[in-house]
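Report on the structure given below.
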Amino acid sequence: MEDKQETCPKGDSDFVSDKVNFKTEEDDDQTPCHSLEQVDFKSESEDMRQTDSGDEQADIRAASCACQPSGKFLAAESEDDYGSLFSQYSSTLYSVAMEAVTQSLLSSRHISSRKKSPAWKHFFISPRDSTKAICTYCMKEFSRGKNEKDLSTSCLMRHVRRAHPTKLIQENGSLSAGSSFSPPSLLLPPQPADVGDLSTVLSPVRLVQKMAPKIPSPDQIMEESVTVVSSEELSSDVSVTEKYSREEALAGSSPNLSMLHYDDASETMADRNLSLPKSTSGSRRRSAVWKHFYLSPLDSSKAVCVHCMNEFSRGKNGKDLGTSCLIRHMWRAHRSIVLQENGGNTGIPPLYPMPPTLLPALLPPEGDLNSASLSPGKQVKESPSASSSPERLPEDLSSHTNPGDVSREDVSMLSSSDDLGEASVVSSPEKQPADTVNPRFESGTVFQQNKKVMRRLKSEVWHHFSLAPMDSLKAVCRYCSCVISRGKKGDVGTSCLMRHLYRRHPEVVGNQKDFLGASLANSPYATLASAESSSKLTDLPAVVRKNHQGVFPTNSKKTSKLWNHFSICSADSTKVVCLHCGRTISRGKKPTNLGTSCLLRHLQRFHGHVLKNDVSEATLSRSPGIRRPLGIELSGPSSFRDSTEKFYDSHPVAKKITSLIAEMIALDLQPYSLVDNVGFNRLLEYLKPQYSLPSPSYFSRTAIPGMYDNVKQIIMSHLKEAESGVVHFTSGIWMSSQTREYLTLTAHWVTFASAVRPHCEDHHCSALLDVSQIDCDYSGNSIQKQLECWWEAWVTSIGLQIGITVTDNPSIGKMLSEGEHSSVQCFSHTVNLIVSEAIKSQRMVQNLLSIARKLCERVHRSPRAREKLAELQKEYELPQHQLIQDVPSKWSTSFHMLERLIEQKRAVNEVSIECNFRELISCDQWEVMQSVCHVLRPFDAASREMSAHMSTLSQVIPMIHILSRKVEMLFGETMGIDTMLKSLKEAMASRLSATLHDPRYIFATLLDPRYKASLFTEEEAEQYRQDLIRELEILNSTSEDTATSNGCDSGSPLKDTGTEESLWSLAPIKRDQREKLPEDMVLAYLEEEVLEHSCDPLTYWNLKRSSWPGLSTLAVRFLGCPPSTVPSEKLFSTPMDAGSFGQPRLMMEHFEKLIFLKVNLPLICFQY
């Protein structure tokens, strides 16, 4: 085979051709009508080949130049056909490679030093890099060495021995059978009887590569292709009979050249093409899955699904490609297609005898069929392998069908098929019947064929759904009219639709035949099917038929019986809520990897009796002779999803729904008669038909009182965790819209390590303890008795101490001071009094507020003014805000009203003029308004700062200093409001001077690491430091007395329980009797740097508990008290303004419990 090579110029056309020998044999064992004609191509291209005999050269010239049929050589028309065939490759992914291969072979004919090895019969030099070679069988590139001076063919031969061993066997056989002058031809093995045999075939790429040396140049190929195609276009008006006669004559001129016959589904006629001989080299694209995929025209390592047109990778590199991803995609996304094609047969369909072609068929643009004459894609007429469907066309589609006879119904397909018009599609060439005649068909017919096959492969789920008219990515259920998304653009499927059927309409699924039968056992999807079925057996009862053993494939994640006891948390999908105790349990950290192990452990630990009931029911369901409805089997033995049986009262789902309804009554302060409302009952009947709603008396006598007792016990357990054993309070008198007055008491404490709230970074805790109605003519004694009663029930009875009580009512504060209870005034209430006095002190400011108030009221009442204001806001690009109407008794609302008017100044002026308002704001008034806002802004910020949840008493003194300095600065920054500023200064001095010298505020400020002694003078700092040391000594003495009373005497000797004399008593023990003195702790604390204002002081003292335990306890006593009652007032502001506490709606004896639940349920995170 390495002998000689012949260079044979071709007359005038300069066509260089090697010897091409075609030897065809027919398989006599096959039926004459279905005989498979086979062709063997053998080509040899050696650089230094000696000249053959003159007769042989003459024959080659006659075959290549004169184009006359001669024996075993190719005819001219056949050569033109091959030119047209090869022209298809020039515009595809492989066209560049093929042209480069041709040029490389033609240009390197006279180079004899590098291609003497037998490896060059299977490789050619890469046109991009001369140190690399490309395999002619698999088109993979291999390196021959690092530099051009040291090149070898060891890697090349190794690749041939490993990847293509049969090529070497064929080569050796041909050497023994023939001579060097007469190239031998390989005899094709007989066609096996089993069509599904996995015998290997010769790839079309090899065909192209073996014939590449016969290609003169890409330009000549294109010219010949144009000639052939143009002649076909011009003769389009010729009758079909004449076309057949011409083809038969051409076939008769070269009887030894056999052709493949393919089934034409659109015209039931055949097209001729060259047959590819079988090989034993082992093609990688022979799997049955290639009926549903074709190779991507842009990347040969990827495949495109013909159903959803999605692209999938077959491997990371070109050396390790497979079909596992393709099989997995078909099983997950198009399972119904797989089951449909395997459901009626005893095995998988026969595999392809040939791999799919690597090149796509290029469809011409619509309406311009002639434009394809210059495109290699026109070759689509020659081979049905260019069809967009990889599956063998069914016999029922082989009737005479013309492109114009395609019905409009064929166009309305799955929405995924709408994207096929733009895609270049390739099928897997399958063996077709050989007794049919194959005329050339138009590209439009191919596209219509594709649509017909696509519709036949349409998923069965579309019998139950229809595409949404407004959005093609969604489908509408035919039973419940629900709109379900099919995925994102470019990645649509039917998984969500199947899941909807299994969850909402299992009875429809039950009426269908088994989707997974025994016929799927031998298919590529058997592994996936068996794995999925085995994973479902533990959670889903098997639905077994007489003749089929399998389960319904379901994608639902809630098939486990555990979901009868849990529901997915609405706030976080990775967590679930137990229907028995209401606890939140995590299912995993990653949303893509969630499980039910934690759910099972929770039931085993806290609700073991529930699992026992499930086991007994499961045993009953598995008893012979008992058949359960399909819906109950699919959703678990304890599920009542599709059953008409009502829940019993102790059922976990019924108990959870009843508890949620009771929560709704408490949180929204709804009357108990809500459960009798028709609309509410209809809603529950639709959401959960198996649930029976209890009567109103059940909620008023059982549900709400029981919930109140549970929440009260939880609040008590929280109070026991208070640090330093001190609880602070806020108390006040709250008036409802019914002119009823209520006394409230709210507790505030600090918790560092809570067993109820683990991993909680917020150390500030609060809870509403009680609410009680009082008479309008209440006295201080009655309030004191009520508070003493509450403190005894909530605080002193569990060993806690009563701390500081913050109130905005002067009478309550006076009463507490007389009763030896520590109390302070609400800072926010004091600021309100100061600002209100300052506003009333200057008449001009009052007149300005009156004008602004009337102007805003007119705009709110006039639709014309509102529309004009909106137009001017758009014209002047102002914020689209409405004007604010203030409440005269609340200065903060007046401040926000003035700020909004200044923001909309330009629009407000024009609206006032165009709408003829009597209230017009002058330029001087606008300036005064800005000055008033400038003064009120720091006081508004101070009120909001001190009303925050984490604010403490330590912030009061720093805030007073800040406001005093700001007022001094405002005298030079404002105009026209000096009287107001003087009133502010005097009111602050009279109302806040006592606070600056209050030891409780001073200690709180010193113990706050953000301030310490930075706000005091040196004399004051030294005095307050000594006071703090004495306070700490008093606290230590109290704690030592408590420790001695508990029996923890440090001086008592240690005694061994085992013997009277302990050996350890002989060891010398040295104890450090020197403990940290209060003075040392205080000095060490004050010497540290001051922290930033954003830091939490309680977090700081939590870290210092081990270093300074006594000082940390003292700090918690003062820093745990809030400076304002506003946080407590916010809990009652909404119902008071809504005016929903009418006597007909709520019974007064129940109102106290409802308001208690309304406030505390969110505070304990509904864990009761």
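Glycine residues also receive a Cβ, built from the backbone N, Cα and C atoms like all the rest.
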Under Swiss-Prot, the annotation zinc finger belongs to which of these stretches: 284-341, 864-921, 1096-1153? 284-341
If I take the Cα of CYS135 (Zn(2+) 1 binding site) as reference, which of the recorded positions CYS477, CYS480, LYS489 has the closest Cα? LYS489
Within a 10 Å radius around the Cβ, which one of these binding-site residues has the most neighbouring Cβ atoms: CYS305, CYS308, CYS480, CYS578? CYS308
Under 8 Å by Cβ from CYS581 (Zn(2+) 4 binding site), same chain, sequence gap 6 or more: PHE606, HIS607
Let me check the 10 A CB neighbour count of LYS489 (SUMO2 cross-link). How many other CB atoms are there? 8
Report, in whole Å, the straight Cα-to-Cα distance of CYS578 (Zn(2+) 4 binding site) from CYS477 (Zn(2+) 3 binding site). 31
Going by C-alpha distance, which of the binding-site residues HIS334, CYS578, HIS602 is nearest to HIS164 (Zn(2+) 1 binding site)? HIS334
Find the shortest Cα-Cα separation between CYS578 (Zn(2+) 4 binding site) and the binding-site residues CYS138, HIS159, HIS329, HIS505, and name the residue that gives it. HIS505
Surrounding the recorded Zn(2+) 3 site, with Cβ no more than 8 Å from the Cβ centroid of CYS477, CYS480, HIS500, HIS505 and those residues left out, we find HIS464, ARG478, TYR479, CYS482, ILE484, LEU501, ARG504
DSSP, reduced to three states, assigns HIS500 (Zn(2+) 3 binding site) to helix
